[in-house]
């Protein structure tokens, strides 16, 4: 850190423009005083400048500049000291954009190899054309050009390294050397793979006969490391070096192609390897943090004509009085902000935006851009100049529209990696910092008037949260944080602004006052038109987080009310004496319990904020459209369906690669029909077994549909997990309280486990000693069991994890025993549950038995039952979706060892059984899952 401070001091003494290329230890920024306090002290900041404390002396490792910098070069004698706490910066930043470029480069390498493999004729024709054109060039010119280019490719990186070392930027050079070494290793590995193990079409596309004999190299020897080095050190961000770089690279590549020592695809592959390895290295080790410090800011302000005295880094408090989360964006999305006092004149508000802040939230913006349709979001990859131009344009447009917004008076770059925007100082407090009693109706109307001014010129703000609304001392409302705005905005985006501000005010003052203030300014039509956009996905991320927090608080209150009512009823029954044993009286007591719980819920139940806002608007415009607009391009359910379908197709094809499909058409179709009927009957049996442990009334055919939907869920979850989650969700949606739903499913699982073990022991005994050969589990089963064992050991060894798991398990099965007692007291329900489980096992065994007979196999029913029960148990323990691979392997092995079937018959029978019970029901399962979800039953 001392070296970095000396480097910066040396740059300032030499008169070089600071570029922020310093590195400091990681630390958390400290909280400062509120904006009002800073504004109140701004007028006498110049007088107190001599008392300002330099942060370099206060915090070791901070890169805020030297402790006592020399006077400015303009002769003013102004000290470059900083007031307040200059935040300590991390030495390195891991930018998501580097990761994205690495992934793009890796994908490009795969595409090149794919072209080499599948488009062999095209690549061969291209090489012939290049050889024909190169043959017309004079050999002497090609040789001289190749020698000069080879020397230049090596000299340019050395020259750039010397230039950077002179300016004391050794960390970048170290990153470049590391990337070059890794790129060389990857190039050697790829060359070895192409020579030894690559398919013949790839070898032919990447190599050819060399003029000197032998084959050419599939990857250039030194071009890949040079590209990796130049990319990692950041030569592309310096215009003069960038031009020189591309001239040298293109010259060298063309000379190598013309001389016949490389193929076109080999050159492209080399470029992609160097580029990908460079960005992979930068993301792995982190790029040097070049965020400009306050000292760089003061120097930049002097370059644009200001005479700064001090710069106070401002930081908003993390929590607003209303409970809103202010720390979500912080400096990352809004840029670092400074209050700058001048030698003469009013203070300034300065915002600094650098590349690290641009990278923050990259994947979130990319995901929103992918998932939402009809909404133009900010580009996930945006250059600093584009960000500067966008914010400047929005600032001028907002003022031209007549809205109160900070006046932008200057912009400038702070080196190659940061920009600054200079605004007139407002001196107010953000809405989030105001107490609830200070948010008056007039203040809200003033805010709505600013939004109306923007919308009159088709300007969208896109971030109308409490942070973006600043109230000055006179009560005027200013719109800040315009970086995410949009000009010439569409109706959808403008209505989203209205929905966002309605929610922002509703969170602070309630829906009644929030809607009333909006109606006074915008009128009922505009507010009613925004109702379809009043949905969480259209709101700011921080607002969605607050709505989720409020929903959790409502759920907690409802749960406490239910528990309190249950305790009160238990105490009342205890005071009434022992139960009489009369079933009518017991039924009446249960009805009283249910009524007490319902009344308790009704007392504490309240609608969510968005629903209450809609209700307020509907009182003025009853005919308003409230159906939520379709904003999602791809819904999560659709995405899961696509992933599940792709996975299913891949797994199915992988199982069929070694199977003689022609033999499947020789099956006995009568037995196939019997197997189909048994598979269909399994869903009826599953519904009976579930409903048998649910004392409440649940529609039977709806339960059957839920079991069919479980066939689709098995594709994305292990066999022992997917069904439990789906049944629990289904029972909750059918009217059961969460605790009762979990308890019912838990009871059914316990009875199912017990019946499975008893049936396995019984059929195993009946099979006889002559068929008692053990069924060794497959590698997948062993891996799954070992993984489960290791996880169990880890959980039991770490006290925090052990407490977390035991607490969750205890709460999950707390109601299983009482639920079991309720079921035992109902013989009809108990018979339905146990009978359904037995029937489910029988129809599965019959389906497997019919599949065996369809291919001419002869195995006793008892042996088939034993193999099925054992194989299904082993397969269920596997962590793969639906036990894929484990179930098939266990059943085939069991039928060949215990049932003495030949391998071909066993394989065909098991694949037919799995097709009828797992693969073919996927499509109807998807239909049932989609239908139940649309009807809010899942």
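Cβ coordinates come from backbone N, Cα and C, glycine included.
TrEMBL does not curate its annotations; it predicts them automatically.
Among the ranges 601-619, 620-638, 639-657, 696-714, the one that TrEMBL lists as transmembrane segment is 639-657. Annotated range for transmembrane segment in TrEMBL, selecting from 75-92, 201-218, 219-236, 291-308: 219-236. Looking at the stretches 807-829, 830-852, 853-875, the one that TrEMBL records under the feature transmembrane segment is 830-852. For the transmembrane segment (267-285), same-chain residues at least 6 beyond its ends with a Cβ under 8 Å from one of its own Cβ atoms are 92, 94-95, 98-99, 101-102, 105-106, 108-109, 112-113, 175, 178-179, 182-183, 186-187, 190, 206, 218-220, 223-232, 253, 256-257. The transmembrane segment (219-236) and the transmembrane segment (174-195) are in contact, since at least 3 Cβ pairs between them lie under 8 Å (pairs 6 or more apart in sequence). Remote same-chain partners of the transmembrane segment (669-694), defined as residues 6 or more beyond its termini with a Cβ less than 8 Å from a stretch Cβ, comprise 700, 703-704, 706-708, 710, 727, 731, 736, 744-745, 747-748, 751-752, 819, 823, 829-837, 839-840, 843-844, 846-847, 850-851, 853-854, 912-913, 916-917, 920-921.
Proximity of distant same-chain residues to the transmembrane segment (174-195), defined by a Cβ-Cβ separation under 8 Å and at least 6 residues beyond the stretch ends, is recorded for 157, 161, 202-203, 206-207, 217-222, 224-233, 269-270, 273-274, 277-278, 280-282, 285, 287-288.
For the transmembrane segment (99-120), same-chain residues at least 6 beyond its ends with a Cβ under 8 Å from one of its own Cβ atoms are 199, 201-202, 204-206, 265, 268-269, 272-273, 275-276, 279-280, 283, 362, 366, 381.
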